[in-house]
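First comes the structure, then the notes that go with it.
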Amino acid sequence: MMPWEKEYRFLSWCHLVGSVAPWCGSFVYHLFMNLELGEGMYYRLLQLDMLGIWISQSFGALPMVTATVYCLGWPIKWFIIISYSLLCIWGLFKAMTASSPWQRRICFLLPFTMRILLTVLRISKVGGGNPTSLTHVFLQDAVSAVGGVIGAMHIPEKWFPGSVDIYLNSHNIMHVLVVMAVYSMHQATIRDIEWMQRAECSGANLTSSLNIEGINGTHLEL
């Protein structure tokens with residue numbers, strides 16, 4: 001399903017690693033979180049879980065960031081990509097040193113804000129990217145943000161103490177929403193990489209003509 005040609009091999013790997021990393025870190029954390037090895041071990045497991053989320057938020061988002069600035073001039077294009085990378089590094093530091101659920105979620109705020117601005121750039125037609133992926137670009141962050149808020153606010157167990165300990169608690173709901181968000185990230189990334197393979201940019205930042213072969217074999221000409 002991924003275009004593994006040499007030019008987009010790195011972005012394809014970013015998407016693959018970004019899609020799998022959250023589940024690897026989360027699996028190890030949840031499997032061993034009940035070991036009686038002290039607070040230090042639990043904190044290390046929690047850091048591993050956060051690392052998986054960070055990889056998804058940073059490497060997993062690079063194809064979307066690259067597609068958005070694809071037709072911009074080289075100076076501003078690389079300025080945006082490098083700025084996003086630096087914000088992600090800042091987020092990693094905050095994630096590894098966070099001491100509360102809200103701090104662990106807020107550490108992704110700056111990269112999240114930049115992705116929102118890039119989404120606005122795509123809507124304004126100044127940015128690039130496959131037009132058919134715009135809905136998934138929006139959902140990949142909106143759904144995960146809702147899941148993060150639900151998890152941090154402990155909804156609905158704070159309203160029904162002891163009634164949703166097994167299922168339908170905030171942590172359960174958050175994980176389901178994260179699956180939906182990663183699905184949208186996958187759909188957006190596939191479409192964007194296909195778009196970059198076929199896009200023709202005119203001037204510094206405009207797309208002059210574009211032929212897109214859709215996921216289901218449909219043909220769209222813009």
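Cβ atoms are placed via backbone N, Cα and C, with glycine included.
Sequence annotations record features per position, and here TrEMBL assigns transmembrane segment to 12-32, 52-71, 78-96. The Zn(2+) binding site annotation in TrEMBL covers His30, His171, His175.
Feature annotations (TrEMBL) mapped to structure.
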| residue | record | Cβ neighbours (10 Å) |
| --- | --- | --- |
| His30 | Zn(2+) binding site | 13 |
| His171 | Zn(2+) binding site | 13 |
| His175 | Zn(2+) binding site | 15 |
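Close to the recorded Zn(2+) site, the chain also has Ser26, Asn172, Met174: residues not among His30, His171, His175 whose Cβ is within 8 Å of the site's Cβ mean position.
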